[in-house]
Every structure is written in C-alpha cells, then in structure tokens.
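Asks: This is the structure I want to talk about, given as structure tokens.
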C-alpha cells in the first residue's frame, strides 16, 4: 500500500456533479464552550452575531457548544467569550483534517484483514473493499448494489446469512454515514461486517448471531455527501441533491423520512444543516432506503434497525420527534441499550449514555429510527453516536478506528445475544 492525499482520490464513477474547489480549514479552530444557566443565551447570541458554524448547538443550559471559528473571527470570538470556560478541540482544524485524510490506497483484489482499519479510505476504495470482502465468503454473503444516489453513485450493501440460508431469518439492518462527515461510522459498520464474516464458525457468539439473523449492512447511506467530504468540504453533512429556487444544495437525510416530518427537530431552511427537504421522503437516497427496507421486511420481517452516527458516545431509543411520548416497547429498548453500553465499556472503558433520542441528545423530526419503528413496524429501532465526546469530534484520528470497532462489536454482540435469548 502507498500513502496518498485524499484530494487525489477522486471517485472513478462518472457522476453529474458540479466541480467544487476544496474548502481550506487552515487556521480554523474548533472550541467547546460548556453552557450554564447564566451564559447559554449569551453563547447563542455570539454564535448568531458572528454567524458561526457549530458541530453542537446549545439549545438549552448544560449542553456544550462546539463552535467552528474561522481565522477572521478568532479575535472577536475570544473577546466575546472572555471569562467563560472553554476547551480547545482543534487548534488548527485544517491540520487535523490533513492528518486524518492521508489515506492508504487500497489495491483491488487484496485479501481484506485488520490493516484496512488503520486508515480512512476513499469512496471508490470502499466499494472495492466490500466486494473483495464478500468474495472471500461467497457461500454465505452477497455484495448488493442497493440503488443509486442523486449523482448516480452506488449505495453499497453487504448481505450476510448463516446456516439457515439466505433470507431465512428475521433481518438486522445497520446504516452508516447517513451524515456525510461522520466517517467513523463507515469504518465501524465495515468492521462489524468483517467480523461477522471472518469470525463465523470461530466465535460462538458471532456464529449464533449470524445463524439467527439475516444481516444487512449499508456502510455508506449517503455516497454523494461522503464523496464530497473527501474532495471538497470535509465537514459537509447533507446529501448533494439540488433544491429548487435555493442556492444551498442538499437535505439532511435523517430529517427526510416521511414520519413526524415537520417540527422543531428539523428546519425548513435549505441552507440549514437540518433541512428536512421540500416534501417528506423526497431525498433520492431516502427513496432507495425505504424501498430496500420494505423489500427486506417482506421476507421474515426486521428484528432490529440501528442507524450509526457520530459523535457523542450515546446509544439511544425512540422517540426523536417527542420528548414525552414513549413506544410500548420502551422498557425493552432501554434494557438493550444498557446491555450494549455495558458490554462496550468493558472493552476499552469508553462510557456511553443511554436513553430516548429526544431526551438524550435533542429533538429530531423525520428521522430513521422513528420511521422504522412506527411505519415499517420494526421490532427494535435504535441509534448510536460513536466516539468521541468532543475532544476531536467529527475529525476523529485514524488510530481510533480499531478500538471503536472492537468496542462497538462487543456491545452489538451482547445486545443481539440478549435479543436471541428473548
């Protein structure tokens, strides 16, 4: 393998995307301001007055504000927050991104092993890796082109089964990278796919899980946005679908599902990172994913859906749209969340908080978890925010990929064992 810069790794697919010059974050800082009752309104005003981007916006006291500050605003920002406690997440965001995006180029046909998880990778290399991984286990897996993104990219999936054969068991569905900048989710979902395949008939717990469930893993739910983060803007979140009569492209795919679509947990502003779209379910990729989930459900049903995100170290249950409503299966969701968090922590000591989405992180409208539970009638619908809690945020160093994969696999195995046991 040879080291190359991500900007040289342009996708080989021919797509109808406009060329956008790479955004340079050199000199930008990411600063955390913990909020309290006496400063949360002022922090909100500072963000608005200086027109600053945030990784985490403080909607109420006690929440952290993770703020991206450009070089031109650093002096004004530091003056405004004088006297407040702060934590420096990235002294130079551009340098952090350059360190993170020194990819290891992947040679197609390579026998996948743990070395894949020592680096982040280009979109095209992910496609090659997934096909090579499946090629090692042809009798109990398939690589699936699940559909096309708005710009024509493949939405890849791995379908894994055990002794009962293909489509013979209730399904488990894992989604990663619905938000383009959350690269660790791509790698962790692939780590689980690699483990389910390579450890079958070697690890008793994994063998039992694969024999009891039909497993579908979609590591890159939002391929256009993901590719855009690698060539143009590392911190892009949405898809790349144009919005009529608006200068800002993209919708937040996790605000676009057609259930409880309108509310304070999403935005009607096309320039917002949480823009819900013009109509419920109008995202190209959402149409693909809904069609796939319905097709999977038509076999033996869906036992569990998990949407993997970053960052925050959280494992959460429905609902996102309401902070007071609870599903009838709330107790079971909470029990499994605790099992996941306890088993995960036992690996590297990483603490996770658990609870309903709205109460644990923030209110969300039009999200995948609520849609899967209430519309598709998935039995168990959950979501995670992977490492970290904000020391590095979305730009997580590559040396955290393997430990993130190890602990997430342990939590997932423990949780699925509990599902099997009933």
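Any Cβ shown, glycine's included, is placed from N, Cα and C.
So Swiss-Prot lists these for the protein:
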SIGNAL    1-17  signal peptide
DOMAIN    119-419  domain 'Peptidase M14'
BINDING   179, 180, 181, 182, 237, 254, 255, 310, 311  substrate binding site
BINDING   179, 182, 309  Zn(2+) binding site
DISULFID  248-271  disulfide bond
ACT_SITE  385  active site, proton donor/acceptor
Asks: Given the recorded positions 179, 237, 248, 255, 271, 385, which lie within 10 A of residue 309 (Zn(2+) binding site) by CA-CA distance?
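Replies: The recorded positions passing the 10 Å Cα test are 179, 385.
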Asks: Residue 271 (disulfide bond): which of the binding-site residues 179, 181, 182, 237, 311 is the nearest Cα neighbour?
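Replies: Closest recorded candidate to residue 271 (disulfide bond) by Cα: 237.
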Asks: If the Zn(2+) site is taken as the center of the Cβ atoms of 179, 182, 309, which further residues of that chain fall within 8 Å of it by their Cβ?
Replies: 177, 178, 180, 181, 185, 237, 254, 308, 310, 385
Asks: So if I draw a 10 Å sphere around the Cβ of residue 248 (disulfide bond), how many other Cβ atoms end up inside it?
Replies: 14
Asks: Looking only at the domain 'Peptidase M14' (119-419), report the model's average pLDDT.
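Replies: 98, rounded to a whole number.
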Asks: Can you tell me which recorded positions out of 237, 248, 255 are within 10 A of residue 182 (Zn(2+) binding site) by Cα, answering none if there aren't any?
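Replies: Matched recorded positions: 237, sequence order.
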Asks: For the residue listed as 'active site, proton donor/acceptor', which DSSP three-state class applies?
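Replies: Looking at the DSSP assignment, the residue listed as 'active site, proton donor/acceptor' belongs to a strand.
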Asks: What's the CA to CA span in angstrom from residue 311 (substrate binding site) over to residue 248 (disulfide bond)?
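Replies: Approximately 25 Å lies between the Cα of residue 311 (substrate binding site) and that of residue 248 (disulfide bond).
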Asks: Please report the distance from the Cα of residue 255 (substrate binding site) to the Cα of residue 248 (disulfide bond), rounded to the nearest angstrom.
Replies: 16
Asks: What's the CA-CA gap between residue 181 (substrate binding site) and the residue listed as 'active site, proton donor/acceptor' in angstrom, rounded?
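Replies: Each residue's Cα considered, residue 181 (substrate binding site) and the residue listed as 'active site, proton donor/acceptor' end up 13 Å apart.
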Asks: Based on Cα distances to residue 385 (active site, proton donor/acceptor), point out the closest of the recorded positions 179, 237, 248.
Replies: 179
Asks: Specify the secondary structure state of residue 255 (substrate binding site) as given by DSSP, simplified to three classes.
Replies: helix
Asks: Enumerate same-chain residues with a sequence separation of six or more from residue 179 (substrate binding site) and a Cβ-Cβ distance below 8 A; give 'none' if the list is empty.
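Replies: Counting only residues 6 or more apart in sequence, the Cβ neighbours of residue 179 (substrate binding site) under 8 Å are 222, 225, 237, 238, 252, 253, 254, 309.
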Asks: Let me know how many other Cβ atoms fall within 10 Å of the Cβ of residue 237 (substrate binding site).
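Replies: Result for residue 237 (substrate binding site): 23 neighbouring Cβ atoms inside 10 Å.
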